[in-house]
Structure formats: structure tokens, C-alpha cells
């Protein structure tokens with residue numbers, strides 16, 4: 001009987017690379033995505049096309065309201081997504097695109113799903129560039145959540161260890177794209193943009209777009225998605 005794995009899937013290059021990595025193992029894959037604001041609704045649409053390329057046992061899209069978490073450009077319509085010209089302009093501190101407790105919320109849902117379906121492995125696509133700016137992407141956070149998961153669940157208390165896997169945790173975006181290209185990831189079906197147009201074009205100037213474009217450039221590969 002195959003082991004089951006829950007994968008947090010956003011439709012971006014990082015989680016898609018994780019999906020590709022896990023798809024080459026013997027895990028039975030259960031993908032979990034979230035629709036939490038209009039600015040991420042395009043991600044959810046992209047996932048529908050992306051997931052057809054993989055042998056995913058089940059894909060769940062969970063609708064949650066994070067708009068009560070005001071103060072983030074990704075959940076508050078009154079805050080503009082900051083735009084930049086290059087990587088030199090990117091913030092070195094926690095940016096306004098940080099969503100309070102987002103990964104804790106997402107991982108908590110994943111933990112609940114894992115316990116229900118009998119999975120002991122959860123995968124998330126956080127990496128080096130993420131935890132430079134986002135506190136809930138750091139290695140120590142992942143380790144702490146795993147410890148909590150094993151304290152707070154029936155399976156954990158019964159000695160069946162739950163593991164939070166972050167296979168990209170020590171990689172930069174450049175290295176992730178390189179790895180994904182080697183594995184055959186179709187990045188044309190992914191999106192990174194924090195502020196896409198209504199017809200699905202990426203802005204090319206938000207933090208996420210700038211980092212993505214830089215990663216493809218360093219790999220001497222044209223980014224296959226369309227920009228404004």
C-alpha cells in the first residue's frame with residue numbers, strides 16, 4: 001500500500017517543483033490549495049490546468065476569508081502591491097505582501113487533511129529567498145510546526161510521526177528553477193505574480209515577479225509566461 005502525502009499547491013513555480021519531485025516517488029498525492037482573495041484567484045485557475053499533468057489522487061481547493069487580516073497587500077484592497085525595477089530595489093525586511101500567519105493556517109489545514117486520510121507526510125515549497133523576508137518560511141518555523149503537529153494530533157500522541165517536508169528549504173529561486181527544468185517542469189502553467197491583470201498577465205514588477213524573472217535570467221532561459 002502506497003504512503004500518502006499532502007502537498008500544499010499554490011500554482012507557483014516552487015510548489016509545482018515540489019509536486020514534480022514528489023510525483024517521481026511512490027507517494028499517493030493529495031494536493032491542497034487555497035482561494036483566499038481575488039489576487040490569488042488566478043493561481044487557483046492555473047492549478048486546474050497544471051494538475052492534469054500529474055497523477056494526483058485528490059485535489060482540494062479550500063475557500064477561506066483572509067481579508068480580516070488587514071495590513072497585507074495580498075488581502076487588503078486598500079493597499080497597493082509595491083512595484084520594483086530590479087532585485088536591488090527589493091526590501092530587506094518583512095514586506096507589505098506578508099500575510100499574517102498564512103503558512104500556519106495553510107499547514108494547519110494540511111495537518112487536518114493528513115490525519116483524516118491517513119497521511120504522515122506534508123510537503124511545502126518554502127525556500128531560501130522566502131525566509132529572507134517571510135518569518136513563516138524559515139527552517140526553524142518548519143521544525144517548530146512539525147513538533148507542534150506531533151504534540152497536537154492523535155497520530156502524533158500514538159507515536160506515528162508526522163513529518164513536514166520542505167525539500168527546497170536550502171535552495172534559492174535560481175536553483176529551484178534549474179532543478180525544475182532538469183526534472184521537466186512546465187513553468188508556462190505556473191504563476192508567481194502578486195498583482196496580475198484580469199486577463200492573466202503578470203505585472204513583471206512585484207517582488208515575486210522580479211525574483212522569478214531574475215531566476216530564469218540566471219539560468220539563461222526565457223520565462224515562458226506572459227507579462228504586461
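Each residue, glycine too, has its Cβ placed from N, Cα and C.
The annotation ATP binding site is assigned in Swiss-Prot to 9, 10, 11, 12, 13, 14, 15, 16, 17, 18, 19 on the grounds of sequence analysis. The annotation Zn(2+) binding site is assigned in Swiss-Prot to 193, 203, 206, 209.
For residue 11 (ATP binding site), applying a Cβ distance below 8 Å and a minimum sequence separation of six or more within one chain yields 33, 42, 43, 44, 46, 47, 50, 190, 191.
By a simple count of nearby Cβ atoms, those within 10 Å, the most crowded of the binding-site residues 9, 19, 193, 203, 206 is 9. The DSSP secondary structure for residue 193 (Zn(2+) binding site) is coil. Nearest Cα neighbour of residue 206 (Zn(2+) binding site) among the listed binding-site residues (9, 13, 15, 17, 19): 13. Spatially close to residue 17 (ATP binding site) yet at least six residues away along the chain are 125, 168, 176, 179, 180, 183, 185, judged by Cβ distances under 8 angstroms.
Secondary structure from DSSP puts residue 209 (Zn(2+) binding site) in a helix.
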